[in-house]
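Pasting the relevant annotations from Swiss-Prot:
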- 312-463: domain 'PI-PLC X-box' (DOMAIN)
- 327: active site (ACT_SITE)
- 374: active site (ACT_SITE)
- 465-476: compositional bias 'Polar residues' (COMPBIAS)
- 501-524: compositional bias 'Acidic residues' (COMPBIAS)
- 546-662: domain 'PI-PLC Y-box' (DOMAIN)
- 662-790: domain 'C2' (DOMAIN)
- 872-888: compositional bias 'Basic and acidic residues' (COMPBIAS)
């Protein structure tokens, strides 16, 4: 048990660090070099240096971010300092003596402390050992007693010239309430004047603890103490303390055999350690003050300390881990303006990040050095080489596991890309992975190597060429011009990408998919996508040198989940903006999770986040996305959660996903609101009791408690009331616990506890994964916004975690856990109920004969626990409800939403048909007007035909003539006939084109309508089906409750009847036990049967629901088929319809010709003789032609 045996021990400070070493501290700004003695205090809390004037400067170990030596340390720039250190002499050994300590409150605001030792290689030893203290898990996650001890150590180190502790230092250390500090000093019989001083010998640790108890009394702990100590005695025995530890400080879910409860002899060691009175300790007694320090000790850490260490299996494929990832790593401020810095790569990697981004752009002449910057913005540039050197220096200081360099490559120069590749090879050396591992070839179906396989390696993520043909850009200076496209490989000379055959075909498929997808987007959507993606969509082609460095992380454009599953290439990765990823997650969450089981995805902020703000990473962790990249320079809530979560597992930057999110045979829906298979949900209860030293001012404060997890988790945020007074030293909140009833997947959830000042000013917070929390009373030491531990502020809380149990099963669980206690309580309730109701109605006890035989000493078993009784309970439970039914297809089609949509669609189609008919009529009218202008054969000028009276006729007559429409004066009948035929042909062609366009438009609109209607029906069907499943479960729960009530009534009746049969108390107790045991068996059987019934009904209902959904899909196919058949039929009859319309038009325009010249010799074939003579003649001429 960790309470008795802490997993982690405090860091040990090497003797030479505490003894000190002589250095020269220099500063480039002041050009001052001063001799100092550099030391670390024996407990490893502070790095400090003393000047010759005895002046002392402190650096909290928790504020140190890095230590550097040799060529990576800072170098003096001023000539004055360079002369002091003889740096310009050829045999100078300056690099062997350098030491730089980097500190700061966050990754951007940094201070560099520069030292030079008198001896060689001293700086290296100091850099390594000080950094080891900084990276120790307990440095940032120490117990409350450790942080309080830090205050004492600092007070005793900050002495005046007389070697005493100035009282003013107490006022500076505890500034919230000066009067309370003075009163606490007086209570310890110490001077309290501002100009007074205290002898360090008069202020040992016991006096310091008494001072703290006076300054910050703990009445809330006294209340806990009085509830467990011996009555009327001011101490707690070791037996009482053992009971307290086992009941309150121990996780009730632990197995008693694997994790045995504490014993009194083990607890004695805790009393010896924390009880201030030696006499009490010898007697095995703990005082209230000892209880306070016990609850502040490392044994009561709120964290499960083993979770801080590397405890995950690191031999799984790379895509089975969440990977700490950064976006636009080089930026120190916003995305549009601000400084870029290579130092950010160091700081991000030191924080445990394992994926950094490099936006590479072409360098300018004459040097043509590639640069890193945010393209098309006002951010500054840094050299690519400088960034690579920073990465090489800090790559594996925090974690030995692989680093991924995510290149956004805009360098369109083969020469500069070759230079980039050369820098990577020479600076990274053996750290760079240039070839795939033998066990993990780049083939479909082969998983990625594990973090352990890639330990100490750097992987490149950059576009990879489809073919790697021979290039000479890096060798031939007179070769290819910059900005030109890469040379295409001659047929038969190129090598297929990643050793796969048919890749060219696959790439063509991808391109076709992309073209098809982009073809469906309008201009505004394309612009929006480009603004969301930023410059990521403008990457250039990779040339051979850079392409050859890419292996296991090959980026490609995402097509679809089905396409990725078909290709099954684990080494292919796709990047998504947060908006695109959210869209995919909301539409196909299960497929997204399955995709991440097979290969990797990277999510990055949308391009419109110009202030470098972040999105919440939790939603994408829920989908199993590995690289959820954030802006590390912005310490907002998403970044705070990211830093807190990746602090665990040895700060390795890799967190193994839950088994359910890795197994291909399991499906996981992150939006599930029900139980997740093989995962036990957790109920978390947190009581915020009090706070200590929350602010440097006297203010009112409140606490927020928030849960990050799956969308289906319970209420996410609670808040206490404001503290009753402006007391920030020890406020107490007397409120009910905050309960998160059903945390579906505890491994994915985190708890945030934040303290805010009145006016919503942030004071401190802590974010801890649910599975890293310990149950019991704990002091929660707060952290800053940048996740740095705060020395003073803390909260005292009570945490209780247990397995989630549905309300319907709560009584049964209690009964099974402790049946005697449960039924005793029920008997007490029954007696009280009987007294209140005036006694239960008397009923004959049905089992009198067996009971009598038992009283007389017979051994025949009673029927209470007989199989017959249990069978009766089963039969009662077997009374199945009516066959579960689901909404039919007809009912779904009659739903209001579907009917309303159908009416809208019908209206749209009617309007479309009207527009088509109007266009058709306009064409006929225009054709008729042109024909009318020709007039009868042999007559020129205006025609004799009127198509309609009034405005319509005027409008038609005012239509513009075509040059060929009118007959020339004196033109003969043959000329007019030729022009009639020409106009007729043109009109037919226009009508055919109009008809085809109209029918195609109608078809597309019908297909769209079908898709919308089916989508609506599917949506409503799923809503209905979810409601049906919920109703089925509720009905089952109600039936179970009713059955339990009936069985409870039967149990009470049996007990009542038994008391009338016998007065022998021993026999009554025995029979009562048997009745209770029988009752428990019956309840178990009933619940088991009811559960089976529910599962059976649920299975039947789901089958029916699935069949209904399949009917909807079939209906979609049928509708599409009908629409297509109608389209084909109308297209088939279009030509005849056009000819008929044109003939009707000709008849209308030349009625006189049809009447006056029927006797004229017909030149047409016999089959056309019955037609209008003029039309027949025109048709005949057309057929001859």
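In case you wondered, yes, glycine gets a Cβ from its N, Cα and C as well.
Map these features onto the structure and tell me what's around them.
When secondary structure is read from DSSP and collapsed to three states, residue 327 (active site) falls in the coil class.
Every protein chain considered, the tally of other Cβ atoms within 10 Å of the Cβ of residue 374 (active site) stands at 23. In the three-state DSSP reading, residue 374 (active site) counts as coil.
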Cα of residue 374 (active site) to Cα of residue 327 (active site): how many Å, rounded?
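So the alpha carbons of residue 374 (active site) and residue 327 (active site) sit roughly 11 Å from each other.
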How many of the residues that make up the domain 'PI-PLC Y-box' (546-662) does DSSP mark as helix, as strand and as coil?
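Going through the domain 'PI-PLC Y-box' (546-662) residue by residue, I get 45 helix, 20 strand, 52 coil.
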In sequence order, which same-chain residues at least six apart have a C-beta under 8 angstroms from residue 327 (active site)?
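Same-chain residues close to residue 327 (active site) (Cβ under 8 Å, separated by 6 or more) are 357, 604, 605, 629, 630, 631, 632.
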